[in-house]
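Trainee: Sharing a structure here in structure tokens format.
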Amino acid sequence: MTLQEIWREALAQPGPEEDPFALACLFQKAFGVERARLPLCGGQVPSPAQTEAFSRLRARLAMGEPLQYLVEEWEFYGLPFRVGPGVLIPRPDTETLVECALSLLAGTAAPRVADLCAGSGAIAVAVGHSRPDAQVWALELSEQAFPYLEENIARNGVNNVRAVAADVLRPPELEPLDLVVSNPPYIRRGELEGLERQVQWEPRMALDGGTDGLDFYRALPGIWRPRLKPGGWMAFEVGYDQAQAVGALLEAAGFAQIQLFADPTGILRVVAGRARFAAAG
């Protein structure tokens, strides 16, 4: 069969989870041909190995494996990120946190930033790429996620971002910071089993926020406030119904000027606060 025939057959007989976009992604992964180029090379006959690879990818998608893991790369904030088993998949919601971070840093020259629970490095790399004058430390504890973090820093050429293998609850010594950002685990433990099956493939440690989903929001502000410069900021991504609770936790930990930021769907997705009496330490 030619590439064009394989494509038409796949469209005519889609499997579970296979919309045209997902099929196009798998097609490009297996055959190295973008959908837009099919009119130019649709008459080519792929190798048996390529055809078998396409079939395997479709079977894995049907089993619920995330499309992002299958294609091994995903775009975030206009930048490419390597992803796979062991690392949280970057999502469009999180771009709201990047926009918030850049807004908070707008009046600061050569800012110092820490990204906690950095995962693939999506936030740290996006901030570092947008602010070449910034110094960004990306902290990640997971041995499975850390190689993705290092690779994504390198592939995006952000020499101002440094990967740090560290527990964010026992932070290393860093220079005083202008901003701490984090997309920590925030799913309620009792809701984990009911998540979409694609999400079940992602690392539990990147999802599990404890009984009420707020464990990290309780711990991190008090730990990291002393590491901020006077007047420094802390900003979190939060779950769809957690903004008010997280704002209250920030306030209780010594933050003021609490700000809430909505994502493109109108959900309050980011909470930020400014340290009242932050003293670098």
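A Cβ is built for glycine as well, from the same backbone N, Cα and C atoms used for every other residue.
Where the annotation comes from TrEMBL, it is an automatic prediction and has not been curated.
TrEMBL lists these features:
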DOMAIN    7-71  domain 'Release factor glutamine methyltransferase N-terminal'
DOMAIN    104-188  domain 'Methyltransferase small'
BINDING   Glu140, Asn183  S-adenosyl-L-methionine binding site
BINDING   Asn183, Pro184, Pro185, Tyr186  substrate binding site
Trainee: Just the number: how many Å between the Cα atoms of Pro185 (substrate binding site) and Glu140 (S-adenosyl-L-methionine binding site)?
Mentor: 12
Trainee: Taking the Cβ of Pro185 (substrate binding site) as the centre, how many other Cβ atoms fall within a 10 Å radius?
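Mentor: The Cβ of Pro185 (substrate binding site) has 20 Cβ neighbours within 10 Å.
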Trainee: If you average the pLDDT over the domain 'Methyltransferase small' (104-188), what number do you get?
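Mentor: Mean model confidence (pLDDT) across the domain 'Methyltransferase small' (104-188) is 98.
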Trainee: Taking the mean position of the Cβ atoms of Asn183, Pro184, Pro185, Tyr186 as the substrate site, which residues outside that list, in the same chain, have a Cβ no more than 8 Å away, listed in sequence order?
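Mentor: Same chain, not in Asn183, Pro184, Pro185, Tyr186, Cβ within 8 Å: Cys117, Ser182, Ala206, Leu207, Gly209, Phe216, Phe236, Glu237.
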Trainee: Between Glu140 (S-adenosyl-L-methionine binding site) and Tyr186 (substrate binding site), what is the CA-CA distance rounded to a whole number of Å?
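Mentor: Rounded to a whole number, the Cα-Cα distance is 16 Å.
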Trainee: How many of the residues that make up the domain 'Methyltransferase small' (104-188) does DSSP mark as helix, as strand and as coil?
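Mentor: Tallying H, G and I as helix, E and B as strand, the rest coil: 20 helix, 23 strand, 42 coil.
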Trainee: Look at the binding-site residues Glu140, Pro184 and tell me which residue has the greatest number of other C-beta atoms within 10 angstroms of its C-beta.
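Mentor: The residue with the densest Cβ neighbourhood is Glu140.
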Trainee: Measuring CB to CB from Tyr186 (substrate binding site), give everything in the same chain under 8 Å that is also at least six residues away in sequence.
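Mentor: For Tyr186 (substrate binding site), the qualifying residues are Gly209, Gly213, Leu214, Phe216, Tyr217, Glu237, Val238, Gly239, Gln242.
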Trainee: As a quick check of your reading of DSSP, tell me how many residues in the domain 'Release factor glutamine methyltransferase N-terminal' (7-71) are helical, how many are strand and how many are coil.
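Mentor: Once the DSSP states are binned, the domain 'Release factor glutamine methyltransferase N-terminal' (7-71) shows 45 helix, 0 strand, 20 coil.
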